[in-house]
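*Asks:* Before I ask anything, let me first share the structure, which is written out below as C-alpha cells.
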C-alpha cells in the first residue's frame, strides 16, 4: 500500500491497542487515510509473507475485486474460452472461514467510516466496514438487518445512510469491532496523494541518509562505544495538538524508518537488516545547537521514546505523543558495521521541523599575528605567477628571495642552545648527517629521519612512515615549491607530529598501534578539525583498513592532508566568506602538490 500511495503504514494488534484507538481511527478518516482490518484465522501468517498455498493469481483476482464496487463473477477473471473448465474458488477455504456472525476469518476488510450515534439516549461509537467481495456481511448489532434499527431516530438513520442491501458495507459497534477483529492497518497519506482539499493533512518531514561501515553504522544502544556515531536527526515539535478533550500539552507524531534498495540487492545476497530507532530529548541549553551529540550524552541520558522492537522488516513505524520540545532521532541497525541506505519520515498533526545534524566545517587556529609572507606554487617559481597571502603560523623564519632562483641559507642554531632538549639535539645530529651541507632534506631523506626517531619511541607501535606520507608532509610545510625542508621547518613539522601522536595514543586504548575508525571522528575533532558526516565517511573509506582500523602512518597522513587543505583554502578565501573560485591551473596545482 505504501508503494502505491507513498504514505506511511501503521500496524496495530487490536488486543494491545492504545486507549485512544478510536480517536486515532477517527483522525485517520479525517485525513483521508486508508484503513484495513482482519481477523486472525489461527495460522502463523505474518506481515511480509504469504502462505504457501496462496497463488499469485488468487491475489491478483482479489485485487481486481477490491478495485471495483460492482460484483464480479469468477468467470469474468478467466480467459475467453475457458468458462466450461473446472475452476477453483478465489478464496482458499483453508485460510478464509466464515463465522456465525457473518465475518470471515483471514479476510481483509476496509474501514470506510466512523461515527457516534444516539441510541436510547446514549452515544454509541460505530465503525463502518466494507467486505471487498461485495457480499457476506456482519449480522450482529448495527448490521443492515438489525431489528433495533427501529429504535434509531429517522434523521440519525439518514445521517448514517442506513440501507438494507447486500453491498458488502455495514456498520458495527466499536466494542464489537475490537472484540472480533485482531489486526488494524492504517496507511497515512501525504498531502499530494489526497484528492480533496477539505481533508486535514499531516505535516511531513523526509530525510534520506545511510549507515557507513566503520564510520556511521554504529548499531543499537547495546553498543555504547559506537551507537553515538549513527546519523542523528533533530526534531522540533513546535505546536501541541488541537484536541479539546485532551488536557495534556502533547504533540502526536509518527516516525517511519524505511530501508532503501534491499529488495533490489536481494539477488546479490542482501537481506533486510534488523532496524529500529530511538528518540532523545535535547537539553534546553543545547536547543538550536546542531552539533552531533557525543558518546557521553547517550551514556547518561535515557531515551524518551523508541521503536517497540528491532525487526528485519522493510519499514518500522511507530506513533508517539511527546511534549513540545527539541528531540534527536537516532536510526540504526541492530548490529554495528551494517552498511545501507534509509529514509526517515516524520508525520505530525501540527507543525514540526526535522533535519539531519551536521557539524559546521571549520578548523581551530591559534591566534597569531598575521604574516604577509606569500604562498608560491611550483609553477610560480618559473613564471612569477600570482601570490596568495595566508596566515603562516607554521612557516616561522622561512626566508624567501627571488622565486626564479632561490637558495636557502643554512639555518643558524637557536640562541638558547642550553635549553635544547635531548630530542632536539638528537634531531639536529641526525638531520646534519642526512641533510648534508645545505641542511635541507627531500622526501626520501625525511623518511629516514622520521623513522629513525620514531623507532626510538618503543611505546608507539608503528611500521614507520611511507615515502608518500613524507611527500605530503613536505607539501604541507613547503611554501616556495622547492620540495625540500630546512631544519627549522622540520622542527615545526615534528612539533605537529608530536601533538597528533598524543591524540593517537589517547585513542589507541589497546596499544595495538591502530585506532578504531569510529573513534576517528573524536580524534579529528581533538586536533581542531571540525567536519560533517560526509567528510567523516570519506576519511574512513580513504584511510581505514578492511578491519576498520587506522594505523599511525595513515593517521598522520590524514591530518597532514587536512592541515594542508584547510590552509590552502584559507589562502584563497581572502574575504572570509567560505567560498573560493579557482581556475583549472590553480586547481591542479592545489591538488597535485598536496
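A Cβ is built for glycine as well, from the same backbone N, Cα and C atoms used for every other residue.
The active site feature in TrEMBL is assigned to 107, 131. As annotated by TrEMBL, compositional bias 'Basic and acidic residues' applies to 395-410. Annotated domain 'Calpain catalytic' per TrEMBL: 1-190, in sequence order. Taken from TrEMBL, the feature domain 'EF-hand' covers 495-530, 560-594. According to TrEMBL, the feature region 'Disordered' maps to 384-423.
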*Asks:* Run through the domain 'EF-hand' (560-594) and tell me, per DSSP, how many residues are helix, strand and coil.
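*Replies:* Helix/strand/coil tally for the domain 'EF-hand' (560-594): 22 helix, 0 strand, 13 coil.
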*Asks:* Pop the Cα-Cα gap between residue 107 (active site) and residue 131 (active site) into the table, whole Å please.
*Replies:* 9
*Asks:* Count the Cβ atoms, other than its own, that fall within 10 Å of the Cβ of residue 131 (active site), considering every protein chain shown.
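*Replies:* By my count, 21.
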*Asks:* Per DSSP, residue 107 (active site) is which: helix, strand or coil?
*Replies:* coil
*Asks:* Write out how many residues of the domain 'EF-hand' (495-530) are helix, how many strand and how many coil, based on DSSP.
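*Replies:* Summed by class, the stretch gives 23 helix, 5 strand, 8 coil.
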*Asks:* Suppose we draw a 10 Å sphere around the Cβ of residue 107 (active site). How many other Cβ atoms does it contain, all chains included?
*Replies:* 20
